[in-house]
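Q: For 117-326, the entry in TrEMBL reads domain 'TLC'. What TrEMBL lists as transmembrane segment is 26-51, 83-102, 123-147, 167-185, 197-214, 220-240, 252-274, 294-316.
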Amino acid sequence: MAIRKKSTKSPPVLSHEFVLQNHADIVSCVAMVFLLGLMFEITAKASIIFVTLQYNVTLPATEEQATESASLYYYGIKDLATVFFYMLVAIIIHAVIQEYMLDKINRRMHFSKTKHSKFNESGQLSAFYLFACVWGTFILISENYISDPTILWRAYPHNLMTFQMKFFYISQLAYWLHAFPELYFQKTKKEDIPRQLVYIGLYLFHIAGAYLLNLNHLGLVLLVLHYFVEFLFHISRLFYFSNEKYQKGFSLWAVLFVFGRLLTLILSVLTVGFGLARAENQKLDFSTGNFNVLAVRIAVLASICITQAFMMWKFINFQLRRWREHSAFQAPAVKKKPTVTKGRSSKKGTDSFLFAENGVNGTLTSNVADSPRNRKEKSS
(Lines of atoms letter the chains of each structure in order from A and count residues from 1; the text may use other names and numbers.)
(Lines give C-alpha, C1' and ligand atoms only; values in the text may rest on other atoms or scores of the structure.)
Protein backbone atom coordinates (compact mmCIF):
# COMPACT_ATOMS: atom_id res chain seq x y z
CA MET A 1 0.00 0.00 0.00
CA ALA A 2 1.56 3.24 -1.11
CA ILE A 3 2.03 5.87 1.56
CA ARG A 4 1.10 9.38 0.51
CA LYS A 5 3.66 11.97 1.31
CA LYS A 6 2.46 15.11 2.98
CA SER A 7 2.68 18.14 0.79
CA THR A 8 5.44 20.52 1.86
CA LYS A 9 4.26 23.36 -0.32
CA SER A 10 3.64 26.56 1.57
CA PRO A 11 0.25 28.24 1.17
CA PRO A 12 0.10 30.90 -1.52
CA VAL A 13 1.04 34.37 -0.37
CA LEU A 14 -1.39 37.08 -1.32
CA SER A 15 0.23 39.99 -3.08
CA HIS A 16 -0.15 43.55 -1.84
CA GLU A 17 -2.12 44.56 -4.93
CA PHE A 18 -4.53 41.64 -4.43
CA VAL A 19 -5.15 42.61 -0.81
CA LEU A 20 -5.83 46.23 -1.78
CA GLN A 21 -8.20 45.21 -4.58
CA ASN A 22 -9.99 42.72 -2.32
CA HIS A 23 -10.65 45.16 0.51
CA ALA A 24 -11.70 47.88 -1.95
CA ASP A 25 -14.28 45.54 -3.48
CA ILE A 26 -15.68 44.63 -0.06
CA VAL A 27 -15.92 48.27 1.04
CA SER A 28 -17.54 49.20 -2.27
CA CYS A 29 -20.21 46.57 -1.74
CA VAL A 30 -20.95 47.88 1.75
CA ALA A 31 -21.22 51.45 0.46
CA MET A 32 -23.55 50.31 -2.34
CA VAL A 33 -25.85 48.74 0.23
CA PHE A 34 -26.48 52.17 1.76
CA LEU A 35 -26.99 53.77 -1.67
CA LEU A 36 -29.39 51.07 -2.81
CA GLY A 37 -31.29 51.48 0.43
CA LEU A 38 -32.36 54.93 -0.75
CA MET A 39 -34.38 53.31 -3.55
CA PHE A 40 -36.79 51.46 -1.26
CA GLU A 41 -39.26 53.12 1.03
CA ILE A 42 -38.68 50.65 3.87
CA THR A 43 -34.92 51.26 4.09
CA ALA A 44 -34.81 54.85 2.83
CA LYS A 45 -35.22 56.38 6.28
CA ALA A 46 -32.28 54.39 7.64
CA SER A 47 -30.04 54.86 4.60
CA ILE A 48 -30.57 58.60 4.40
CA ILE A 49 -28.97 58.97 7.85
CA PHE A 50 -25.71 57.56 6.46
CA VAL A 51 -25.66 59.29 3.09
CA THR A 52 -26.95 62.84 3.70
CA LEU A 53 -26.18 65.47 6.32
CA GLN A 54 -28.53 65.54 9.30
CA TYR A 55 -29.91 68.24 11.63
CA ASN A 56 -31.03 70.73 9.02
CA VAL A 57 -32.81 73.94 10.03
CA THR A 58 -34.27 76.56 7.70
CA LEU A 59 -34.05 80.18 8.74
CA PRO A 60 -36.61 82.61 7.30
CA ALA A 61 -35.46 85.22 4.83
CA THR A 62 -34.27 88.50 6.33
CA GLU A 63 -34.30 92.01 4.92
CA GLU A 64 -30.74 91.55 3.60
CA GLN A 65 -31.65 88.22 1.97
CA ALA A 66 -35.27 88.75 1.00
CA THR A 67 -35.16 86.45 -2.00
CA GLU A 68 -34.41 83.13 -0.31
CA SER A 69 -34.25 81.50 3.09
CA ALA A 70 -31.04 80.12 4.59
CA SER A 71 -30.55 76.40 5.21
CA LEU A 72 -28.10 75.73 8.05
CA TYR A 73 -26.95 72.68 10.02
CA TYR A 74 -25.89 71.80 13.55
CA TYR A 75 -24.24 68.65 14.85
CA GLY A 76 -25.68 65.65 16.68
CA ILE A 77 -25.25 61.96 17.38
CA LYS A 78 -26.47 60.95 13.89
CA ASP A 79 -23.36 62.50 12.42
CA LEU A 80 -21.49 59.36 13.46
CA ALA A 81 -23.44 57.38 10.86
CA THR A 82 -22.61 59.95 8.17
CA VAL A 83 -18.95 59.89 9.13
CA PHE A 84 -18.95 56.10 8.87
CA PHE A 85 -20.38 56.13 5.34
CA TYR A 86 -17.89 58.70 4.08
CA MET A 87 -15.11 56.77 5.77
CA LEU A 88 -16.01 53.93 3.39
CA VAL A 89 -15.91 56.40 0.50
CA ALA A 90 -12.45 57.55 1.61
CA ILE A 91 -11.21 53.94 1.61
CA ILE A 92 -12.50 53.46 -1.94
CA ILE A 93 -10.87 56.69 -3.18
CA HIS A 94 -7.64 55.70 -1.44
CA ALA A 95 -7.62 52.36 -3.28
CA VAL A 96 -8.40 54.02 -6.63
CA ILE A 97 -5.52 56.50 -6.29
CA GLN A 98 -3.20 53.71 -5.22
CA GLU A 99 -4.07 51.32 -8.02
CA TYR A 100 -4.53 53.60 -11.00
CA MET A 101 -1.92 56.26 -10.22
CA LEU A 102 0.73 55.42 -7.62
CA ASP A 103 1.23 51.74 -8.48
CA LYS A 104 1.71 52.55 -12.16
CA ILE A 105 4.33 55.18 -11.35
CA ASN A 106 6.07 52.77 -8.96
CA ARG A 107 6.36 50.10 -11.66
CA ARG A 108 7.76 52.61 -14.10
CA MET A 109 10.29 54.16 -11.69
CA HIS A 110 11.44 50.86 -10.10
CA PHE A 111 11.69 52.27 -6.57
CA SER A 112 13.26 50.37 -3.70
CA LYS A 113 11.05 49.13 -0.86
CA THR A 114 11.82 52.15 1.31
CA LYS A 115 11.22 54.63 -1.50
CA HIS A 116 8.11 52.69 -2.49
CA SER A 117 6.44 53.16 0.90
CA LYS A 118 7.49 56.81 1.19
CA PHE A 119 6.27 57.54 -2.33
CA ASN A 120 2.88 55.99 -1.58
CA GLU A 121 2.58 57.95 1.67
CA SER A 122 3.46 61.28 0.06
CA GLY A 123 1.28 60.55 -2.97
CA GLN A 124 -1.82 59.84 -0.90
CA LEU A 125 -1.31 62.72 1.53
CA SER A 126 -0.41 65.30 -1.11
CA ALA A 127 -3.64 64.51 -2.99
CA PHE A 128 -5.70 64.83 0.19
CA TYR A 129 -3.96 68.01 1.40
CA LEU A 130 -4.38 69.69 -1.99
CA PHE A 131 -8.08 68.84 -2.20
CA ALA A 132 -8.80 69.86 1.42
CA CYS A 133 -6.77 73.08 1.09
CA VAL A 134 -8.57 74.18 -2.08
CA TRP A 135 -11.96 73.26 -0.60
CA GLY A 136 -11.25 75.05 2.66
CA THR A 137 -9.99 78.15 0.84
CA PHE A 138 -13.20 78.23 -1.20
CA ILE A 139 -15.24 78.20 2.03
CA LEU A 140 -13.10 80.97 3.53
CA ILE A 141 -13.62 83.18 0.49
CA SER A 142 -17.33 82.45 0.10
CA GLU A 143 -18.08 83.21 3.75
CA ASN A 144 -15.91 86.38 3.89
CA TYR A 145 -13.41 85.09 6.43
CA ILE A 146 -10.51 86.87 4.72
CA SER A 147 -12.16 90.29 4.47
CA ASP A 148 -13.48 90.19 8.06
CA PRO A 149 -11.19 88.27 10.50
CA THR A 150 -13.44 89.15 13.46
CA ILE A 151 -15.84 86.48 12.21
CA LEU A 152 -13.55 83.98 13.96
CA TRP A 153 -14.98 84.98 17.35
CA ARG A 154 -17.90 87.30 16.66
CA ALA A 155 -21.40 85.92 17.37
CA TYR A 156 -20.07 82.85 19.19
CA PRO A 157 -21.30 80.10 19.57
CA HIS A 158 -21.13 79.17 15.91
CA ASN A 159 -23.53 76.29 16.37
CA LEU A 160 -25.16 76.72 12.94
CA MET A 161 -23.07 75.83 9.91
CA THR A 162 -23.55 76.07 6.19
CA PHE A 163 -23.73 72.89 4.11
CA GLN A 164 -20.14 73.34 2.90
CA MET A 165 -18.81 73.90 6.41
CA LYS A 166 -20.45 70.86 7.94
CA PHE A 167 -19.64 68.60 4.99
CA PHE A 168 -16.01 69.74 5.22
CA TYR A 169 -15.75 68.66 8.87
CA ILE A 170 -17.58 65.38 8.21
CA SER A 171 -15.14 64.65 5.41
CA GLN A 172 -12.12 65.47 7.57
CA LEU A 173 -13.25 63.15 10.36
CA ALA A 174 -14.06 60.42 7.83
CA TYR A 175 -10.67 60.68 6.15
CA TRP A 176 -8.61 60.43 9.33
CA LEU A 177 -10.78 57.60 10.65
CA HIS A 178 -10.19 55.69 7.41
CA ALA A 179 -6.46 55.87 8.15
CA PHE A 180 -6.88 53.27 10.93
CA PRO A 181 -7.99 50.37 8.68
CA GLU A 182 -5.49 51.51 6.06
CA LEU A 183 -2.70 50.61 8.49
CA TYR A 184 -3.77 46.98 7.97
CA PHE A 185 -4.60 47.25 4.28
CA GLN A 186 -1.24 48.88 3.46
CA LYS A 187 0.71 46.32 5.52
CA THR A 188 2.34 49.02 7.64
CA LYS A 189 5.49 47.99 9.48
CA LYS A 190 5.05 47.34 13.21
CA GLU A 191 7.68 49.94 14.14
CA ASP A 192 5.79 52.61 12.14
CA ILE A 193 2.35 51.91 13.63
CA PRO A 194 2.85 53.84 16.95
CA ARG A 195 3.94 56.96 15.04
CA GLN A 196 0.98 56.65 12.68
CA LEU A 197 -1.46 56.20 15.57
CA VAL A 198 -0.13 59.28 17.35
CA TYR A 199 -0.50 61.73 14.49
CA ILE A 200 -3.83 60.27 13.32
CA GLY A 201 -5.12 60.57 16.89
CA LEU A 202 -3.96 64.19 17.14
CA TYR A 203 -5.68 65.08 13.88
CA LEU A 204 -8.94 63.56 15.11
CA PHE A 205 -8.59 65.19 18.53
CA HIS A 206 -8.16 68.72 17.15
CA ILE A 207 -10.72 68.43 14.35
CA ALA A 208 -13.36 66.86 16.60
CA GLY A 209 -12.60 69.42 19.31
CA ALA A 210 -13.18 72.35 16.97
CA TYR A 211 -16.35 70.70 15.66
CA LEU A 212 -17.89 69.86 19.04
CA LEU A 213 -16.90 73.12 20.79
CA ASN A 214 -18.40 75.17 17.93
CA LEU A 215 -15.00 76.62 17.06
CA ASN A 216 -15.45 75.58 13.45
CA HIS A 217 -14.44 79.00 12.08
CA LEU A 218 -11.07 78.96 13.83
CA GLY A 219 -10.59 75.28 13.08
CA LEU A 220 -11.15 75.80 9.37
CA VAL A 221 -8.55 78.57 9.13
CA LEU A 222 -5.94 76.58 11.06
CA LEU A 223 -6.58 73.44 9.00
CA VAL A 224 -6.15 75.26 5.68
CA LEU A 225 -2.93 76.84 6.95
CA HIS A 226 -1.56 73.53 8.20
CA TYR A 227 -2.62 71.53 5.15
CA PHE A 228 -0.88 73.98 2.81
CA VAL A 229 2.44 73.56 4.61
CA GLU A 230 2.07 69.77 4.68
CA PHE A 231 1.16 69.69 1.00
CA LEU A 232 4.35 71.59 0.16
CA PHE A 233 6.47 69.04 2.05
CA HIS A 234 4.94 65.99 0.39
CA ILE A 235 4.89 67.43 -3.11
CA SER A 236 8.56 68.40 -2.66
CA ARG A 237 9.38 64.84 -1.67
CA LEU A 238 7.55 63.52 -4.74
CA PHE A 239 9.60 65.83 -6.98
CA TYR A 240 12.74 64.66 -5.22
CA PHE A 241 11.92 61.06 -6.07
CA SER A 242 11.74 61.96 -9.77
CA ASN A 243 14.82 64.21 -9.71
CA GLU A 244 17.27 64.15 -6.79
CA LYS A 245 18.60 67.58 -7.74
CA TYR A 246 15.29 69.14 -6.68
CA GLN A 247 15.87 70.57 -3.19
CA LYS A 248 14.48 74.10 -3.21
CA GLY A 249 11.05 72.90 -2.15
CA PHE A 250 12.41 71.57 1.15
CA SER A 251 14.02 74.93 1.97
CA LEU A 252 10.76 76.76 1.26
CA TRP A 253 8.86 74.21 3.34
CA ALA A 254 11.20 74.73 6.32
CA VAL A 255 10.55 78.47 6.27
CA LEU A 256 6.80 78.10 5.90
CA PHE A 257 6.70 75.43 8.60
CA VAL A 258 8.05 77.89 11.19
CA PHE A 259 5.83 80.68 9.86
CA GLY A 260 2.79 78.39 10.02
CA ARG A 261 3.44 77.51 13.67
CA LEU A 262 3.75 81.19 14.62
CA LEU A 263 0.63 82.19 12.69
CA THR A 264 -1.31 79.33 14.29
CA LEU A 265 -0.39 80.57 17.76
CA ILE A 266 -1.22 84.19 16.88
CA LEU A 267 -4.66 83.34 15.49
CA SER A 268 -5.46 81.01 18.40
CA VAL A 269 -4.49 83.54 21.07
CA LEU A 270 -6.26 86.35 19.23
CA THR A 271 -9.49 84.35 18.87
CA VAL A 272 -9.65 82.45 22.16
CA GLY A 273 -7.56 84.62 24.45
CA PHE A 274 -8.87 88.03 23.38
CA GLY A 275 -11.97 87.70 21.19
CA LEU A 276 -13.91 85.10 23.21
CA ALA A 277 -12.58 86.42 26.53
CA ARG A 278 -14.26 89.78 25.87
CA ALA A 279 -17.59 88.32 24.77
CA GLU A 280 -20.63 89.19 26.86
CA ASN A 281 -22.06 85.68 27.10
CA GLN A 282 -19.57 83.56 29.10
CA LYS A 283 -21.87 80.95 30.60
CA LEU A 284 -21.66 77.23 29.94
CA ASP A 285 -24.82 76.22 28.08
CA PHE A 286 -25.02 72.84 26.38
CA SER A 287 -28.43 73.57 24.83
CA THR A 288 -27.09 76.49 22.79
CA GLY A 289 -23.59 75.05 22.39
CA ASN A 290 -21.89 77.83 24.32
CA PHE A 291 -18.57 76.65 25.79
CA ASN A 292 -17.10 80.10 26.28
CA VAL A 293 -15.92 79.69 29.87
CA LEU A 294 -12.47 80.20 31.35
CA ALA A 295 -11.70 76.50 31.84
CA VAL A 296 -12.54 75.60 28.23
CA ARG A 297 -10.56 78.54 26.84
CA ILE A 298 -7.51 77.54 28.87
CA ALA A 299 -7.84 73.91 27.74
CA VAL A 300 -8.15 74.94 24.08
CA LEU A 301 -5.15 77.26 24.20
CA ALA A 302 -3.11 74.73 26.16
CA SER A 303 -3.76 71.94 23.66
CA ILE A 304 -2.88 74.16 20.70
CA CYS A 305 0.24 75.63 22.31
CA ILE A 306 1.54 72.26 23.51
CA THR A 307 1.03 70.71 20.08
CA GLN A 308 2.75 73.58 18.28
CA ALA A 309 5.64 73.58 20.77
CA PHE A 310 6.09 69.83 20.37
CA MET A 311 6.10 70.17 16.59
CA MET A 312 8.72 72.92 16.72
CA TRP A 313 10.85 70.88 19.12
CA LYS A 314 10.80 67.89 16.77
CA PHE A 315 11.49 70.15 13.80
CA ILE A 316 14.48 71.84 15.46
CA ASN A 317 15.94 68.50 16.56
CA PHE A 318 15.58 67.18 13.03
CA GLN A 319 17.29 70.23 11.52
CA LEU A 320 20.16 70.04 14.05
CA ARG A 321 20.62 66.32 13.38
CA ARG A 322 20.64 66.96 9.65
CA TRP A 323 23.20 69.76 10.07
CA ARG A 324 25.48 67.52 12.16
CA GLU A 325 25.25 64.73 9.60
CA HIS A 326 26.10 67.17 6.81
CA SER A 327 29.09 68.55 8.77
CA ALA A 328 30.37 65.09 9.76
CA PHE A 329 30.26 63.95 6.14
CA GLN A 330 31.84 67.10 4.72
CA ALA A 331 34.81 67.30 7.16
CA PRO A 332 36.57 63.99 6.26
CA ALA A 333 35.67 64.43 2.61
CA VAL A 334 37.52 67.74 2.48
CA LYS A 335 40.68 66.20 3.99
CA LYS A 336 40.80 63.24 1.61
CA LYS A 337 39.48 64.86 -1.55
CA PRO A 338 39.79 68.64 -1.66
CA THR A 339 37.95 68.72 -5.00
CA VAL A 340 34.69 67.22 -3.74
CA THR A 341 31.74 68.54 -5.68
CA LYS A 342 28.90 70.36 -4.00
CA GLY A 343 26.33 67.98 -5.41
CA ARG A 344 27.46 65.07 -3.27
CA SER A 345 27.51 67.01 -0.01
CA SER A 346 24.10 68.54 -0.67
CA LYS A 347 22.65 65.09 -1.43
CA LYS A 348 23.68 63.94 2.04
CA GLY A 349 21.50 66.59 3.61
CA THR A 350 18.60 65.80 1.37
CA ASP A 351 18.71 62.07 2.15
CA SER A 352 17.29 62.97 5.56
CA PHE A 353 14.28 64.54 3.86
CA LEU A 354 13.87 61.48 1.68
CA PHE A 355 13.66 59.15 4.65
CA ALA A 356 11.90 61.61 6.95
CA GLU A 357 8.68 60.45 8.48
CA ASN A 358 5.65 62.69 8.40
CA GLY A 359 5.04 62.47 12.11
CA VAL A 360 2.78 64.40 14.43
CA ASN A 361 1.07 67.08 12.35
CA GLY A 362 4.12 67.69 10.25
CA THR A 363 6.85 66.91 12.75
CA LEU A 364 9.75 64.87 11.54
CA THR A 365 11.82 61.96 12.74
CA SER A 366 14.60 60.75 10.48
CA ASN A 367 15.25 57.12 9.75
CA VAL A 368 18.94 57.64 9.09
CA ALA A 369 19.73 53.97 9.58
CA ASP A 370 17.64 53.15 6.52
CA SER A 371 19.41 55.56 4.19
CA PRO A 372 21.37 54.15 1.25
CA ARG A 373 24.64 55.70 2.45
CA ASN A 374 24.42 54.07 5.87
CA ARG A 375 23.57 50.70 4.34
CA LYS A 376 26.67 51.02 2.17
CA GLU A 377 28.84 51.85 5.18
CA LYS A 378 27.50 48.84 7.10
CA SER A 379 28.16 46.47 4.21
CA SER A 380 31.73 47.73 3.89
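Glycine is treated like the rest: Cβ placed from N, Cα and C.
Situate these features within the shown structure.
A: For the transmembrane segment (83-102), the residues of the chain that approach it from at least six positions outside its boundaries are 17, 20-21, 23-24, 27-28, 30-31, 34, 50-51, 119-120, 123-124, 127, 170-171, 173-175, 177-178, 181-182, 185, judged by C-beta separation under 8 angstroms.
The list of residues near the transmembrane segment (167-185) in space but at least 6 beyond its ends in sequence, with Cβ under 8 angstroms from a Cβ of it, reads 19-20, 23, 53, 79, 82-91, 94-95, 128, 132, 135-136, 139, 161, 193, 196-197, 200, 203-204, 207-208, 210-211, 216, 219-220, 223.
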Q: Taking the domain 'TLC' (117-326) alone, what is its mean pLDDT?
A: 91
Q: Let me spell it out: take the transmembrane segment (252-274), skip the flanking residues so only those 6+ beyond its ends count, and list any with a Cβ under 8 Å from a Cβ in it.
A: 152-153, 215, 218, 221-222, 225-226, 228-229, 232-233, 236, 297, 300-301, 304-305, 308, 311-312, 315, 319, 362
Q: With Cβ-Cβ distances below 8 Å as the criterion, list the same-chain residues six or more beyond the ends of the transmembrane segment (26-51) that contact it, or say none.
A: 78, 81-82, 84-85, 88-89, 91-92, 95
